[in-house]
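Please read the structure below before turning to the comments.
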């Protein structure tokens, strides 16, 4: 790293150590700092409120407690924590170049961002895998409730293990009287160990899961399209069921694409800096970093907006959650969307209809757990 750089050493989920963030010692005008503060404050508020509402909608309503939705809760929790504990604190550090938050929080900030990003993207991957099994291999056993909890716990444990090396080498230093939170990696020949760690982390928290999801959703899309061609037409409730599956897949594809777009420039920034360190000596680099960091962190606030726009149950949930606002008026239909449970006879008839249409090759009974047709409470809601 060039001598002109004041290193801010919080890794923001990029897999590259934070002492490569490249924030220069140049201070910004007060008006500029005020604009950036407003932008980051808006991001944090929208992300925290939106993801907290998503978690409430799912956990507070039995009809919404499904396998897929539990992964959405995991995703929302990671995004909420990322916005609350990483975006705000790292913005303060990046804009002031002084670490105000103590040694313990320095360790936490070099552990949690990679952990949260890993949890976010692998929760999306788990959703893609669940949809793949439900739609492409409907006769295969589905995740049970204990299995879902085990997958979520496994995601968090692997994420913590992946982030641990950076946390382990974190330390507090003083540079010209200013406290810094740095990652003091051990010296080796040419920094090969550090570069290898960077590449492994970027591959695991970005490129690999995106490739897996691209393949999964491509196969899902082809499968659903094949069921829509002439000769394989579904009708009535089964047509609506098929359309609901398509809409859910489109929603999750949009979530994944948004995540990929938001994080790609940030990863490229660090990759470029690894091979061309003098870019951090330019005066404009602080503004570039703050813009790329804001774009990456903004990925935490888009998912609730996407759910609200594309899923009518989440839309009803948001109306109920914000009913205290004068411009929001929830209806009885909104309450029914989240609380209504079909009668036993309705569920039996629905399962019977799915079985008939599946045997004819039209609609797969995707709401199956361990090979059995499930009730709305136990299954995966694919309705829009």
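Heads up, the Cβ atoms here are built off N, Cα and C, so glycines get one too.
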With respect to the membrane, are residue 59 and residue 134 annotated by Swiss-Prot as being on the same side?
yes
Out of 19, 51, which residue gets the N-linked glycosylation site annotation in Swiss-Prot?
19
The transmembrane segment (197-218) vs the transmembrane segment (108-129): three or more C-beta pairs under 8 Å (separation of 6 or more)?
yes
Within the topological domain 'Extracellular' (91-107) only, compute the mean pLDDT.
89
Should anything in the same chain at least six residues away from the transmembrane segment (108-129) have a Cβ under 8 Å from its Cβ atoms, list it; otherwise answer none.
9-13, 15, 18, 68, 71-72, 74-75, 77-79, 81-82, 85-86, 89-90, 101, 151-152, 155-156, 158-160, 162-164, 166-167, 170, 181, 183, 201, 204-206, 209-210, 212-213, 216-217, 220, 252, 255-256, 259, 263, 299
With Cβ-Cβ distances below 8 Å as the criterion, list the same-chain residues six or more beyond the ends of the transmembrane segment (33-56) that contact it, or say none.
72-73, 76-77, 79-80, 82-84, 87-88, 91, 95, 290, 294, 297-298, 300-301, 303-305, 307, 314, 317-318, 321-322
Separation of alpha carbons, residue 324 (S-palmitoyl cysteine) and residue 181 (disulfide bond) (Å):
42
Feature contact check the transmembrane segment (252-272) with the transmembrane segment (70-90), CB under 8 Å, 3 or more pairs:
no
